[in-house]
Amino acid sequence: LLSQFDPDNTGYISTEKFRSLLQRHGSELDPHKLEVLLALADSNSEGRICYQDFVNLMSNKRSNSFRQAILQGNRRLCSKALLEETGLSLSQRLIRHVAYETLPREIDRKWYYDSYTCCPPPWFMITITIVAFFLYNGVVLDRFVLQVTHPLYLKNTLLYHPQLRAQAWRYLTYIFMHAGIEHLGLNVVLQLLVGVPLEMVHGAARISFVYVAGVVAGSLAVSVADMTAPVVGSSGGVYALVSAHLANIVMNWSGMKCQFKLLRMAVALICMSFEFGRAVWLRFHPSAYPPCPHPSFMAHLGGVMVGITLGVIILRNYEQRLQDQTLWWIFLSIYVIFVLFAIFWNIFAYSLLDLKLPPPP
């Protein structure tokens with residue numbers, strides 16, 4: 001229909017024709033999308049509308065030029081906030097709550113609220129929590145948590161051990177083991193409370209990338225900075241998500257409209273600090289299996305570094321193409337360089353430094 005107003009096939013139509021089209025067919029459109037289209041028409045100073053912008057909107061795709069066009073307009077979208085919507089169902093209120101918990105801009109909240117269909121659901125966070133943590137530990141090992149004094153603690157094929165660092169899967173699978181019920185409990189709580197809403201907004205691909213990048217950075221950080229220690233737990237991935245979310249809130253403090261945001265940040269920081277402090281204490285506590293020390297705490301720090309670099313960029317650019325973000329490429333390059341450095345470090349440094357590693361389990 002829009003192409004009828006562009007007989008020369010230039011890809012543009014005048015804003016007057018565009019407005020007449022909206023007046024004739026506006027009742028057939030979703031109210032939120034109609035608001036965006038009106039804001040797009042008002043913001044365009046060249047007197048014409050790009051057909052591709054219209055296609056992007058109707059197909060729930062975003063582009064940087066489209067977003068800037070709306071943000072530079074008269075912000076008609078902000079005339080009525082989502083919080084003022086009435087008569088919403090329970091699921092709609094949940095989606096609105098998630099939008100205000102994770103997104104700093106009203107335009108993005110409305111876009112998310114309008115386009116979210118819960119298909120696919122936040123499967124990654126739920127799967128890796130339930131299946132990985134509880135199914136494996138409960139069914140395969142017949143124990144939900146392995147204490148560091150348990151005979152199978154060092155004798156399983158999952159945890160990262162410096163003597164077995166050539167077994168590459170251990171740099172990932174160590175997240176399936178936890179040193180105590182409090183270790184598992186805090187990680188699961190933070191992972192579900194923070195990870196599930198983030199995945200609902202940003203999708204499984206982005207959140208799984210941040211999570212896995214934090215996990216890998218955590219084990220590699222241990223292999224570089226705490227070379228004689230094993231590591232267990234999902235803290236690398238969890239801390240990457242939580243630190244990215246908290247950093248995003250701090251950077252967009254005035255735009256975040258979630259209730260009790262200061263209290264929520266305080267609770268998250270307290271939980272993270274308690275778990276990190278416990279990990280530091282355990283690392284220097286006398287080991288149950290000397291000379292092998294208790295698990296390292298460096299994975300926590302590796303996850304935090306991923307969260308405040310790659311994670312912040314991913315969470316800040318809701319539904320934007322990361323390939324167009326210069327800062328994204330800078331941080332991604334730094335991460336890749338670190339991974340390559342850690343790989344070569346693991347190949348050569350252990351022998352060059354002549355370390356006394358704990359015996360293999």
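Cβ atoms here come from the backbone N, Cα and C positions, even for glycine.
TrEMBL entries are annotated by machine, without manual review.
TrEMBL lists Ser235 with the feature active site, nucleophile. Feature annotation from TrEMBL assigns active site to His300. Summarising the annotation, TrEMBL assigns domain 'EF-hand' to 1-28. Among the features that TrEMBL reports, transmembrane segment is placed at 123-146, 207-225, 231-250, 262-284, 296-315, 327-353.
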Surrounding residues of the transmembrane segment (207-225) on its own chain - C-beta under 8 Å, 6+ positions past either end: 124-125, 128, 160, 162, 165, 170-172, 174-175, 195, 198-199, 231, 234-241, 244, 296, 298-303, 305-307, 310-311, 314, 335, 338-339, 341-343, 345-346, 349
Distance, the residue listed as 'active site, nucleophile' to His300 (active site) (CA atoms, angstrom): 6
Cβ contacts of Ser235 (active site, nucleophile) (under 8 Å, same chain, 6 or more positions away): Asn187, Gly218, Glu275, Phe276, Ala279, Ala299, His300, Gly303
Number of other Cβ atoms within 10 Å of the Cβ of the residue listed as 'active site' across all protein chains: 26
Beyond the flanks of the transmembrane segment (231-250) by 6 or more, those residues with Cβ under 8 Å of it: 102, 104, 128, 133, 146, 158-160, 174-179, 183-184, 187, 190-191, 194-195, 198, 207, 210-219, 222, 256, 261, 265, 268-269, 272, 275-276, 279, 295-296, 298-300, 302-304, 306-308, 310-312, 314-316
Long-range environment of the transmembrane segment (327-353) - Cβ separation under 8 angstroms, sequence gap at least 6: 162, 165, 213, 216-217, 220-221, 223-224, 227, 306, 309-310, 313-314, 317
